[in-house]
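Here is what Swiss-Prot says about this protein:
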- LYS39: active site, proton acceptor (ACT_SITE)
- TYR265: active site, proton acceptor (ACT_SITE)
- ARG138, MET312: substrate binding site (BINDING)
- LYS39: N6-(pyridoxal phosphate)lysine (MOD_RES)
Amino acid sequence: MSDKYYRSTYVNVDLNAIVANFQVFQKLHPNKTVMPVVKANGYGLGSIKVARQLMDNGAEFFAVATLDEAIELRMHGIDAKILVLGVIPTEHINKAIQHRVAITVPSKSWLVEAVKEIPESNEKDLWIHVKLDTGMGRLGMKTAEEYKEVIELINGHSHLIFEGVFTHFACADEPGDSMNRQQTMFEEIVGQADKPDYIHSQNSAGALMKDTQFCNAVRVGISLYGYYPSAYVKSNVKVHLKPSAQWISEIVQTKLLHAGESVSYGSVYTADEKTKIGVIPVGYADGYPRMMKGFSVNVNGKQCEVIGKVCMDQTIIKIPDEIQVGDKVIIMDHHSDTPQSAEALAHQQQTINYEVLCRLSRRLPRVYHSSKDLEIRNELLK
């Protein structure tokens, strides 16, 4: 066990795979800026390490969800461009200016209030990306009239820079014409005013499924980490992505249950014969939810069923006789075609692979593998 963490479970993160996925999108869109999305702690895998690795391999512009996430990147030496995709409370707009962070303008009314917060003595620029709602029904303005009014406000302020405009696809990972309709609406609105430096509409699914000459940037989130946005996308593209995360643990205790004996809370599992069980130091506080009961983990190449209720910190599995304390357990595999893939876990949890990754708790150490070195990051002991 490493002296940088003191429990028998961790997440392997393959930084080489993440770089390879980034380069896949660079080849798919050779004349566009590929914007890695490192929000939610880099989809659970570590935004700082991911951003540094990608900067070393040519990334120039990152996207996050919140101003706090952007400032965290700045505090750790990430000096590339950063766009906050979410709405910043207007009273904190000067923090964005201070940290050289581009912000999203969702409406004219928001911008009017934000400008009031900028002191007349300010001499630094604020980069702005205007958000258009073309069908997601979430953030953004819906009309060309409001869009043009916002641009007029931006151009009327000496330190506001109209750097970008973007939208977000609602159904790019599903069959149908929704994405094309949204793209058409986006182009119609954007075409009614001067174009900024960055025009972007494609998320991971959009970037895999569609090319558009109208845009000059793509935002890549889930697929940066090696995961397809949906089974539909995976089956309809000829692009190979490399999953980058593997969740490892080990058996910390074994014991025999006799017929009639039960395990875990509620005693919902009762042995009907003599049964060997193993305990894994992983639970729902780590991102392995209670609904994983009945699923399996991989122990020495054998599929072992999760029995009883998953606890906060521990999980119990049924094991064959040869399994012993210290044997390696694969909770989530870094191969897409195995029973422990992120997609298989998502199916069991009735969710999507995005959420499986984002659920990975900060108390799980991350072990980063790259062509240069191996580095351990423990958020609890940093």
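Glycine too: its Cβ is placed from the backbone N, Cα and C atoms.
A map of Swiss-Prot features onto the structure.
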residue	record	contacts (Cβ under 8 Å, 6+ apart)
LYS39	active site, proton acceptor	SER47, ALA63, VAL64, ALA65, THR66, GLU69, LEU85, GLY221
ARG138	substrate binding site	HIS168
TYR265	active site, proton acceptor	GLY308, LYS309, CYS311
MET312	substrate binding site	GLY283, TYR284, ALA285
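A coil conformation is recorded for ARG138 (substrate binding site) in the three-state DSSP classification, outside any helix or strand.
Secondary structure from DSSP puts TYR265 (active site, proton acceptor) in a helix. DSSP assigns LYS39 (active site, proton acceptor) to a helical segment in the three-state reduction.
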